[in-house]
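Read the structure below first, then the notes.
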């Protein structure tokens, strides 16, 4: 009996057993080998197949190929190589997101893209605009949008897991000795603020989910205008909604909301307002820690007086300084003007600080010389600049307190644009998104409360008119200002200054630029503040501004 060569053995094994790939999955090969050694009879019992090879005439030994036999449920696991389509689509989306981050949003690959920090900031901002951009109603988020927000935000935030800092740590040897090693932990700002932002995010999503069964509903603006005469449930729209024509109009029942529903709305509003304050605090802290970019400092004027203007500079350098009085004299009737004043104050602060830094360097050089008088003059200038910086910062703080939702200034936008720290970029963009979301929820709640208040007032007026009709009085005659005082006791109004509304009464005098006083005009002094962050005035006027 002749023996076969090794080459013939390889041919036989390749013909009988098929080709073998070294890159095959280990788990798959193990499962295949385990299943190939057993066969199952009709009753479910397994018996082993003889593993010894049998001899084939003229060909040598024949090794039987492994065969996958039926699998009994509960005893073995079925291996499926096919992945669901949704998993494949999520992987493709993740690849696309991270490709944009690595390329810096430059799809040409020429290296002209933005830095990684700005790319992540833009990605979080664009994701929030996609999911929450049309937050026009108090209703739960669609399941698709909610899943998209959680999935893609987790992809973007996973970058922070690799941002760590090294700290010394003491470890012990098994024999009793100790040695010092450097240990990694999350960076302190991310460790403190990122879990808090995730908690605020979850609370806002849960708040929207709670508006699944409400007593109010919404109608498109075109439908409201078209059916104005037919709909008996029409509720008056707020002044803000007349400007924001694309927003749907909230509607309430003819008798208004129930006390329980109104109380729930008020609680949600207070809760959202607290979330807004927390997000603002985190965002302000992160922006304050960012470095001031050089391009911003290069665009500043040479003097603080040029930044502020003549009027603000005179008030700021006066002997008696009151930030509240100065703000009352300024024109803060629009968002653009208020933001412009904030930009001027910030620019003046950094101009004076730059001068102090330069003079400190000159002072250090002049100490070695004999120019004592010049050094004394530089010290006086530094003290004066420090004094002006303190007053300007006090004025800016008072402005932010009066308008807590002031938009980002030019300095803030430059910090975001030129920031290189990825961790700070994640915290700033995430907190800004939470701030915007909390503000929009508060605005939507204010819309519903305003419509409910208007409905209650109309009901009270109707009841008053019906009461006069029951008593036999003509309401038109009773309240007519054209009748004589002798004909109706209601016709003569009480011309008393104290009868005016304390919040809407115009000032009796206004300060002019030259310091003189003149009588105020109601039409000029009573201007509506339409800025998005004026949270304090919304409760008084019932007008809720909108953040674009």
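Positions of Cβ are set from backbone N, Cα and C atoms, glycine also.
Taken from Swiss-Prot, the feature compositional bias 'Acidic residues' covers 1-12.
Positions annotated as compositional bias 'Low complexity' by Swiss-Prot: 19-36.
Taken from Swiss-Prot, the feature domain 'PRONE' covers 81-462, and the record attributes it to sequence analysis.
Per Swiss-Prot, phosphoserine is recorded for 460 (among others). DSSP assigns residue 460 (phosphoserine) to a helix in the three-state reduction. Residues near residue 460 (phosphoserine) in space but far in sequence (CB under 8 A, at least 6 apart, same chain): none are found.
Per Swiss-Prot, phosphoserine is recorded for 480 (among others).
The region 'Disordered' annotation in Swiss-Prot covers 1-38.
Annotation source Swiss-Prot lists region 'Involved in auto-inhibition' at 458-548.
Per-residue confidence over the domain 'PRONE' (81-462) averages 85 (mean pLDDT, predicted model).
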